[in-house]
């Protein structure tokens, strides 16, 4: 045993001697070494990265609407002590939630911020003004609150987009007059009780029961078993006074399906109402400023007028009348899509600015260290993500417009696009946050630099308003139904961007050059070909399983791989087309050229990342390799524009983080008192 210890000591001694030889320079005295040392200093990237286009013009495209209203709210939050302003980087102000606060403190601060925004008129018209402009303004201001804090955004979303929208779209004029103005003024604080312990995405399977009593003209709402407890109900644990309960409606022993009811759960003093039990869901990996709760109903009596009866009604004598139940609310998915995009913008703005000022290693000995973003590998980490977030910004704006301009005829398109883009944007957001966190090294792990903490805060969006995988399955099912209907009726495709399937199959050149790869025609042809072929393959596979004796439902389940590929193809094809339309509308030449580069980068990155282009033979192996090289070339071409692109995101400096600016000064000894 002694020899083992001796050999280890000898080894350590030899390593120490080697290190000493590297460090000791006999010809210079120690004092001389210190006096000639050049300390790192921060160089603002603006000094060496001149803008080739006006960032305001790109911001107008990416924000899409209500730029001035956004800036007004940003300034309002920045100037209030409730938003925790801190001075760093030579007096620069940053605002961010205090994640070191306790769960109770975070929840209380969320409510104080809501009160502040209410008193400053932020919520005016959010429920009482149904005009397109008012709705788009609400979307814009919601996005600003989410850039500051996901808990604040979620709390507002539960109150306005879930509780408020349920009353607005499931209720009648009587409900609107009674509840909407009071909701907008926070005289009532609403919640949305749909999810149960045993049922989430499968709303039709909820177990809560509402039984109509024709003698008292009341509904009796009951939680019949533990799996029927309402779960993850935002605002329920501490603050909500009312909730919309989704339950099975029983009349004269017959189940009429799921319907919605307004139920008071707390009195004006905050006390839980009789026959209602509420528990806290507990600490979460994020969103601890939201009081998620669990609710049990023990035969709670609800007056008949609290039945949200726009499409179905129960007469006083118990007769049931039904017209048609509305599709699930989509406002939440629309806002989730937009916030996922803006969260990616925050992370990319921070990581890109850091990469334009942080240096590491020298390519040539004794030369200056190289900026992170001048390494091709680092460019490949961030620049394709810039292209994707710009493309998804345009897609998000398209979705918001589709929502505010909705008609009964467009309800199918709204459902499909909201499912596809919500899933795509939230998945991409998590990919972006992880890459940006790693790209910032250890600084990305620090809470004050935002990116790391945002991962925990936004992970939940993958299952908010529907599990992403299930949403994408819904997309493929609708596309399949369209395909079957077209074949059966021998008509052309109309809507959902499927009109390209009415023409001949696109022809992809056998040899691809850079000019072909950057051609919008080639890109749209290839994306259209993939969507078209996958829809045909999906339809054939489902039919084959049915021919083998499987039910349609089982056939769809067995074909899930093609269903997932088809939904992804639909989302990416739609996003490319929307992005191309935005590019086409631009007249300024410098910006148009950059948008062309971003559009090509979006297309090439999708092709490079998705196996189906090779799996089904849309591209040869050689051409796939050419695409990969083109991604590198586009990184080089977009590198000079990176700073201007992130400056176009419209996010104030105060909503970023210290490493986006003078990270040396922010970490200096003199700044410790401001941390």
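Note: Cβ is positioned from N, Cα and C throughout, glycine not excepted.
Now, the feature entries from TrEMBL:
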type	residues	note
DOMAIN	191-300	domain 'Acyl-CoA oxidase/dehydrogenase middle'
BINDING	195, 234	FAD binding site
DOMAIN	329-480	domain 'Acyl-CoA oxidase C-alpha1'
ACT_SITE	465	active site, proton acceptor
DOMAIN	523-656	domain 'Acyl-CoA oxidase C-terminal'
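Computed over the domain 'Acyl-CoA oxidase C-terminal' (523-656), the whole-number mean pLDDT of the model equals 97. The CA atom of residue 195 (FAD binding site) is located 10 Å away from the CA atom of residue 465 (active site, proton acceptor).
A distance of 12 Å separates the Cα atom of the residue listed as 'active site, proton acceptor' from that of residue 234 (FAD binding site). For the domain 'Acyl-CoA oxidase C-terminal' (523-656), residue counts in helix, strand and coil come to 112 helix, 0 strand, 22 coil, using DSSP. Other C-beta atoms found within 10 angstroms of the C-beta of residue 195 (FAD binding site) number 19, with every protein chain shown included. Across the domain 'Acyl-CoA oxidase/dehydrogenase middle' (191-300), DSSP classifies residues as 6 helix, 52 strand, 52 coil.
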